[in-house]
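So that you can see what the record holds, here are the features copied from TrEMBL:
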type     : residues : note
DOMAIN   : 3-65     : domain 'DUF1899'
REPEAT   : 75-117   : repeat 'WD'
REPEAT   : 167-199  : repeat 'WD'
REGION   : 385-467  : region 'Disordered'
COMPBIAS : 405-419  : compositional bias 'Basic and acidic residues'
COMPBIAS : 424-462  : compositional bias 'Low complexity'
DOMAIN   : 469-534  : domain 'DUF1899'
REPEAT   : 593-635  : repeat 'WD'
REPEAT   : 636-668  : repeat 'WD'
Amino acid sequence: MNRFRASKFKNTTPHVAKKDEWISNVRGGSISCQGNHIKTSSKLVVFSTEQAGGGMLGLSSVKPGPDGQWTVSHISCHSELVSDMDFSPFDESLLATCSGDETVKLWRLRDPESAQPSEAELTLHPGHGKLELVLFHPTSSGLLAVGATNSPLVWDTSRQDAPLAVLEQHSDQLQSLSWKPDGSLLASSCKDKMLRVFDPRAQLTPIQSTKGLQNSKDSRILWAKDDLLLTTGFDMMRGREVRLWDSRKLSSSVSSASLGTANGTVIPLFDDDTGLLILAGMGDTVVDCFEVSTSEPLLTQVSHCLTDAPTRGVCAVPKLDLDVMSCEVVRVLQLTDSHIVPISYQVPRKNSGHEFHADLYPDTVGATPAMSAGEWWQGGNKQMEKVSLNPDKRPKSQTTNQTAAKKEVASSKSKDQDMARGCSTSSSPLSTPSSSAAPTRSPSSTSGLSSGFLPSPSPSQSAKTIQSLLGPSTKFRHIQGTVMHRDTHITNIRGLNLTTPGECDGFCANSKHVAVPLATSGGQIGVFERSKPGRQPDTNVPTFQNSVNVADLCWDPFDPHRLAVAGDDAKIRLWQVPEGGLVETLTEPDLILQGHTEKIYSIKFHPLASGLLVSSSYDLTVRLWNLDSGDQVKLLTGHEDQVFAMAWSPDGKLLATVCKDGKVRIYEPRKSATPVQEGPGPGGHRGARIVWVCEGKYLLVSGFNVQSERGLYLFSADSLSSGAVGNINVDVSPSILIPFYDPDTSVVILTGKGDTRVHIYEIVPESPYFVECSSFNTPEPHKGLAFLAKTECNVQDVEIAVALMLTKTTVEPVSFKVPRVKKEFFQDDVYPDTTICWEPALTAAAWLSGSNGEHKKMSLKPKDMIPVSEAPKEVPVKKYMPSSYYLEEKTDEQKKDELLSAMVAKLGNLDDPLPQEAFEGVDEDEWDD
């Protein structure tokens, strides 16, 4: 703007979106790297996250889903911190990332609701040490600028063996890079306080350079209008500042502005169409807006926006996705610790929302590349075609070009198929739709492949919409978890053992008792009566003196007073709780089982036969014990590493295990000591759990993938060798997800030690296999859940599961309910007949001799409740008013009210504009001094 002519953007106003428009479930954190920490295309948003040491990126969409909510997922990109990322300006799904692992990777992202690719489509190995920056070229497809620690590199992705140019090495750490909008020049800022401008096609040394920065702290550089360069950094007094430079003469800055004193780096975002400059400081709760002009004053502040949370990163939404009818000229996405907050900059105008104001929106660059990387390297300077932002004039050329490109690829598929097969999936070049009809080839490429990026085919929008609308449904989707009243809590538990092995659930409970390992010496186990909730005494709590550290423990399902405890000394001890509860410390167990030669991992009781126990150990064996005789009766072998978990099949015939050697195995203990089936399990080796689901036809394994993401894997019990038939990634956390499966509802409830979230899924025996339900969050980390028998559920409140949650000092009951309207009826669709699992079907001796049994079943329906399936149908009754209502004569008061209402209506709408609001004002230059 200048002193004689007012700028149309001088009143641009920031609008922070309402909280229901924020993207939640974000873990931004403070990550130290040179990038902006968040980038967006017209479709997707990616952001840095602290998960997996920073090697993962969070992913969401710019627009919410059909339900009005944003889905946040994650993609594991690198083995070390992701230092920078950038979306291709020509492909909304193509993302480039770089990392301290010295690689650049290109990813073809999918919608956040879909599974993301596990491998990059292309990987570059520059070999110049850690990489800090990556930047797509603004006009040419397949061209990248990569910032190593000291050197900028220019890469044509079709030449994966070496970069096109390795520019002059900087004397210190490279801090930022920026392409000129026309793609001819590349600017850099460095910790050595130097600003450099390169013409990579002409020479490897800078064509302009100056010592323009006054402080070596982190800086940013950006091209502004015409030949202006913009830098943010720190002055000699460590105050933050923004400066403008003429790139043709870098000897001194042409304008500057102070931004106050703070420690965080200032991230600049510039809109070339409007000249608006957004400045956001890392860790600040302020976002400033300036206007940059080519005439005096060059730099003018427009607005000062206060935010709710400190900034962890910031990016601008592409111009083509702005709400132009609301006079939105810039939209910024602010990354905070837990949210992504949209900030919209709008110019106040009359008739905003109804008219397109062409003076605010000059034609902007489109999304079709002007040339290929090879053409640019050979000296081409073609510029991007510009498109109108007027919704009525918005061209469809982008869709046409993409369709043409896809047809071109389809027609030449047979010709290029052999070449494509010659390259690995992780290293084959990608292509992008070009403005030319025929695909261009890079002159410098020796492989003969196209040097751009080609978007992969995706389902039509209509198909996606139908899928989202007709997706899997479940009656348990809105399940609610609630902590019961404090009167039911067991409180003041002292000295809880927080270091139980990963194979142990942490504690166990049944209808009468709760057993909790304590941290006191001698491997003591506290046993608390469920019938006596409340505050426990500070001292002299009666315990089982186990003598050694507890490895695992579980209650006998057919004897609520018998507790089995596995210890570090390779022994299993059986303890008996006296009638009326434990009143004194017991030091002698009823029975000791010996046979393992090393520490025991886990123990499990047989689900049908009484007196039968199975154990796994560090000696890589699984042993079966007859508790009636105290003898070992079976020895199972075949494991090559640690046995993570075991599970009996519902009919008690088979035993499944998951092992650290990456295998899932099924044993038939009465017939063979070796597995009858085995197949590949989860790729990670940090731990796993296993449980039988869907009437014993499938095995559900919770474990980790190779990127250390927690996930669920479903295996067919008839064909383990075929691998998982379905899987879903849950989240990233170091603790193992411990599953509880309810066979009556096919709902699995999972949580990990130290988690605050309980995940709930319905398992179905066909695709998509996992139907996600509402999760339950606890106010503080818990140590685990122990689920009770189905008879503990209150069917009047439609409880489908009841668990006990262990915290640092308490045991709290948690109820899982299904919201229903007609609670006065028994919900027989939720409560099928349940098994009487507390009564044995046969003895250990009978089972070992080859007999099989089956649990009896019972109905949970109270006698005084009617099943909802038999509830009488409600017939809607049409209400008729009596004739007197219509014939009744109006009173004087009614007539007066009607007359008053008619008079007010005649006065007109009070919201209509006043006549003086239509008057036009006077330009500023017409005012007299």
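Note: Cβ is positioned from N, Cα and C throughout, glycine not excepted.
Heads up, TrEMBL stuff is auto-annotated, nobody curated it.
Residues 503, 601-602, 604, 606-609, 614, 616-618, 620-624, 674-683, 685, 687-692, 695-696, 699, 701, 703, 715, 717, 720, 743, 841, 847, 852-854 of the same chain, all 6+ positions outside the repeat 'WD' (636-668), place their C-beta atoms under 8 angstroms from a C-beta of that stretch. Secondary structure counts, DSSP: the repeat 'WD' (167-199) has 0 helix, 15 strand, 18 coil. For the domain 'DUF1899' (469-534), the DSSP-based tally of helix, strand and coil residues reads 4 helix, 22 strand, 40 coil. Broken down with DSSP, the repeat 'WD' (636-668) shows 0 helix, 17 strand, 16 coil.
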